[in-house]
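Trainee: Quick one: the structure is below, and I'll ask about it shortly.
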Amino acid sequence: MQTLSDPHRLHQLVRQWHQAGERVAFVPTMGNLHDGHIALVHQARSRADRVVTSIFVNPMQFGAGEDLDAYPRTLEQDKQRLFDAGCDLLFTPETELLYPAGLAQQTYVEVPGLSDLHCGTSRPGHFRGVATIVCKLFNLVQPDIACFGEKDYQQLAVIRTMVRDLNMPVEVIGIPTVRERDGLAMSSRNGYLTEAERAQAPELKRTLDLTAQGIQSLGLTDRNTLEQQAEARLRQHGFTPDFVRICHGQTLAPAQPGDTQLVILAAAQLGRARLIDNLTVDLTG
Ligand SMILES: Nc1ncnc2c1ncn2[C@@H]1O[C@H](COP(=O)(O)OP(=O)(O)OP(=O)(O)O)[C@@H](O)[C@H]1O
Ligand SMILES: CC(C)(CO)[C@@H](O)C(=O)[O-]
Ligand code: BAL
């Protein structure tokens, strides 16, 4: 596995692969790799001749007062995991090379509407930062396919919309959330939890499961009550909920009676960690 930090060298190498007719898959990450990331790399490996992974803690998607500086950086361990998973090229760019004009660059990618809901309301500018960096990385890697986790459900929806609206020739693949044995979605930020908080953390997924059961038995006419009950339950278990929302699975608008493909989105603070999770609900059966 090669490791490159120079965007121009990366671009030259992947151009050679494309000229040789090889199919390139891309897995963008912020590092501190866990089994969720590795599932993306395995999926990429099974679908392409070459796998490129990036590790870049993108300052543009962090708000003031967020955990940009504290974000866990474990490069040597990550390299070993990527090598073992069959990654061909690790891209670890320097911030100055990806943002030559600084973070106040003149050009951004905005996906309005979707980016302003849910996590976007709590983290203003977050999805603009995500869409902009993913667009930059796509320009450099020029992947045929790119793999993203369904754990970051709204992020995946924003990226799919960007790719569709800007005619980007990339197939976006969503990968199911990889969980710990007790149901907690794997996330780099789980490392912020104390032992006591870690013991409470699976209640986020349990709350989603209970809310899904409530939808199955009561339908959507009392959506607000189900959401409020879910938030109250999270409070009882030591979380400070940001939101639990029952949404249309594609638009992420509030679900309406008659909708059949739903997603329950949740975000909650637990100690130092802002945890997110989601669960899809199919009402067609
Ligand atoms: N548990 C998981 N299962 C599947 N994919 C995941 C999981 N966690 C993260 N991913 C995906 O890995 C990619 C990189 O995510 P990122 O590096 O931010 O990891 P993370 O663990 O989600 O970190 P954070 O705590 O910052 O949210 C994204 O596409 C994300 O959706
Ligand atoms: C997609 C991404 C790598 C962009 O910085 C990041 O938001 C993430 O890790 O999910
Ligand atoms: N996994 C999403 C990246 C972020 O929270 O900034």
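Heads up, the Cβ atoms here are built off N, Cα and C, so glycines get one too.
Straight out of TrEMBL:
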type	residues	note
ACT_SITE	His37	active site, proton donor
BINDING	30-37, 149-152, Val178, 186-189	ATP binding site
BINDING	Gln61, Gln155	(R)-pantoate binding site
BINDING	Gln61	beta-alanine binding site
Trainee: For Leu33 (ATP binding site), just count the other CB atoms lying within 10 A of its CB, please.
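Mentor: Total other Cβ atoms inside 10 Å, all chains included: 25.
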Trainee: How big is the gap, in Å, between the Cα of Glu150 (ATP binding site) and that of the residue listed as 'active site, proton donor', rounded to a whole number?
Mentor: 11
Trainee: Could you list, ordered by sequence, which of these binding-site residues: Met30, Leu33, Gly36, Ser188, have a Cβ under 6 Å from ligand 2?
Mentor: Met30
Trainee: Taking only the binding-site residues Leu33, Gly36, Gln61, Glu150, Ser188, which have a CB closer than 6 angstroms to any atom that belongs to ligand 3?
Mentor: Gln61
Trainee: Please classify the secondary structure at Leu33 (ATP binding site) using three-state DSSP.
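Mentor: Going by the DSSP assignment, Leu33 (ATP binding site) belongs to neither helix nor strand, so it counts as coil.
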Trainee: With respect to ligand 1, which members of the binding-site residues Leu33, Gly36, Gln61, Ser188 satisfy a Cβ distance under 6 angstroms to one of its atoms?
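Mentor: Cβ < 6 Å from ligand 1, in sequence order: Gly36, Ser188.
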Trainee: Please report the Cα separation of Met30 (ATP binding site) and the residue listed as 'active site, proton donor' in Å, rounded to an integer.
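Mentor: Distance between the two Cα atoms comes out at 10 Å.
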Trainee: Name the residues of the same chain, 6+ apart in sequence, whose Cβ is under 8 Å from the Cβ of Val178 (ATP binding site)?
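Mentor: His34, Asp35, Gly36, Ala39, Gly149, Lys151, Ala185, Met186 - these are the non-local Cβ neighbours of Val178 (ATP binding site), listed in sequence order.
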Trainee: Do you know which of the recorded positions Met30, His37, Glu150 has the most other C-beta atoms within 10 angstroms of its C-beta?
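Mentor: The residue with the densest Cβ neighbourhood is His37.
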Trainee: Name, in the order they occur in the sequence, the residues of the same chain whose CB lies under 8 A from the CB of Gln61 ((R)-pantoate binding site) and which sit 6 or more residues away.
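Mentor: Residues satisfying the criterion: Gly125, His126, Phe127, Arg128, Gly129, Val130, Ile133.
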Trainee: From the Cα of Gln155 ((R)-pantoate binding site) across to the Cα of Leu33 (ATP binding site), what is the distance in angstrom?
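Mentor: Answer for this pair: 18 Å between alpha carbons.
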Trainee: Please report the number of other Cβ atoms within 10 Å of the Cβ of Ser188 (ATP binding site).
Mentor: 21
Trainee: How far is it from Ser188 (ATP binding site) to His37 (active site, proton donor), counting Cα to Cα, in Å?
Mentor: 10
